[in-house]
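Annotation source TrEMBL lists NADP(+) binding site at Gly15, Cys16, Gly17, Gly18, Val19, Gly20. The feature NADPH binding site is assigned by TrEMBL to Lys145. Taken from TrEMBL, the feature domain 'Homoserine dehydrogenase catalytic' applies to 176-374. The L-homoserine binding site annotation in TrEMBL covers Glu229. Summarising the annotation, TrEMBL assigns active site, proton donor to Lys244.
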Amino acid sequence: MPAPAKSVLPVVLLGCGGVGRYLLRHIVSCRPLHANQGVAIRVVGVADSSSLLVAEDVHSSGLDDALLNHLCAAKSAGSPLSSLLGQGHCQLFQNPEARSKVIDAATTLGRTTGLVLVDCSATYDTVNLLKDAVDHGCCIVLANKKPLTGAYEDFQKLVSNFHRIRFESTVGAGLPVIASVTRIIASGDPVSRVVGSLSGTLGYVMSELEDGKRFSEVVKTAKSLGYTEPDPRDDLGGMDVARKALILARLLGQQISMDNINVESLYPSELGPDAVSTEDFLESGLVQLDRSMEERAKAASSSGNVLRYVCEIGSAGCQVGLKEVPKDSALGRLRGSDNVVEIYSRCYESSPLVIQGAGAGNDTTAAGVLADVIDLQDLFQKTA
């Protein structure tokens with residue numbers, strides 16, 4: 001019997017940090033599963049911030065799995081992509097030539113076999129590259145939030161061909177938040193409000209405060225567990241949550257920018273990065289916040305509520321910050337580093353659609369990215 005037809009998805013990966021490396025490992029380890037599903041992912045190029053490693057012939061072959069495993073090990077050890085030359089049939093290009101080579105691949109593959117450009121970086125610098133890829137008919141998968149949270153015109157451009165873009169992992173890692181919102185909207189059921197705890201770090205911190213623990217100690221524990229960024233103020237400032245909120249707000253049709261979002265930082269400007277080093281903030285700055293956080297937690301408790309750091313998107317706009325919520329609500333019951341989102345609409349007005357689960361971590365996020373890539377398979381021609 002002839003071999004069953006399969007969809008071949010050529011992929012160029014932008015960013016081989018934690019999420020990007022996990023994605024490559026998932027692609028390799030899932031080969032048997034995807035073969036049974038009639039799908040083959042062909043990684044034709046991988047780029048970091050300075051260079052691009054690309055297969056010798058992107059039309060007919062990709063970087064082999066042995067090379068991809070070597071790449072993950074090399075980048076984990078801090079080695080450059082150039083260290084992989086000689087490991088397989090590949091070419092290396094340095095910036096700015098690397099960018100033009102990505103465009104070349106997008107031009108040739110986008111209008112023939114198709115191409116998925118996957119952005120697992122953490123920079124705004126990929127926006128123009130992504131827009132060019134859209135013009136050439138490529139599909140886009142994003143874990144990087146920044147291209148969708150810059151100028152509204154960039155957001156419009158990237159989502160203009162909505163069936164060719166996936167960005168589930170920008171909001172809740174592997175949680176189906178974007179898919180749920182878009183399905184509800186597509187059914188003609190208008191979404192009136194979305195409320196979510198979308199930071200695993202801040203979810204953990206807030207739930208620990210309920211037990212009477214000091215804010216400073218909880219943040220330090222969260223850092224030791226790897227929940228926070230190296231500088232916890234990157235989490236405590238709320239900007240990561242604000243970017244996720246902006247993506248959801250724009251998805252709901254709000255033509256707003258970051259400047260339109262009220263973001264409550266959990267530290268004052270006099271304890272900000274421009275005024276205090278990370279070490280001093282951890283040693284002497286955090287304790288200055290203990291009393292005010294304790295007072296707010298007690299005030300919430302006296303009303304039968306708990307504190308949560310949430311984003312709220314509704315007709316009145318978008319707010320990000322501390323909010324008292326009923327202890328027995330989905331947000332109030334949240335413990336640990338899970339994320340939870342409540343979606344309200346005509347059909348889900350009195351009892352919202354609740355999505356909860358792990359919403360952070362390189363492994364979880366990469367799994368969400370891979371699911372988004374596979375979700376595009378129907379756009380690619382099947383070959384024998």
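Glycine is no exception: its Cβ is also placed from the backbone N, Cα and C atoms.
Projection of TrEMBL feature records onto the structure.
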residue : record                    : Cβ contacts under 8 Å, 6 or more apart
Gly15   : NADP(+) binding site      : Ala47, Asp48, Asp119, Cys120, Ser121, Ala122, Asn144
Cys16   : NADP(+) binding site      : Leu24, Val46, Ala47, Asp48, Leu71, Cys72, Lys75, Leu81, Cys120
Gly17   : NADP(+) binding site      : Lys75, Cys120, Ser121, Ala122
Gly18   : NADP(+) binding site      : Asn362
Val19   : NADP(+) binding site      : Cys120, Ala143, Ser169, Asn362, Thr365, Ala366, Val369
Gly20   : NADP(+) binding site      : Leu13, Leu14, Val46, Cys120, Ser121, Ala366
Lys145  : NADPH binding site        : Thr170, Val171, Asp240, Arg243, Lys244, Ile247
Glu229  : L-homoserine binding site : Asp235
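Excluding Gly15, Cys16, Gly17, Gly18, Val19, Gly20 themselves, the residues of that chain whose CB lies within 8 A of the CB mean position for the NADP(+) site are, in sequence, Arg21, Tyr22, Leu23, Lys75, Cys120, Ser121, Asn362.
Across the residues of the domain 'Homoserine dehydrogenase catalytic' (176-374), the predicted structure has a mean pLDDT of 94.
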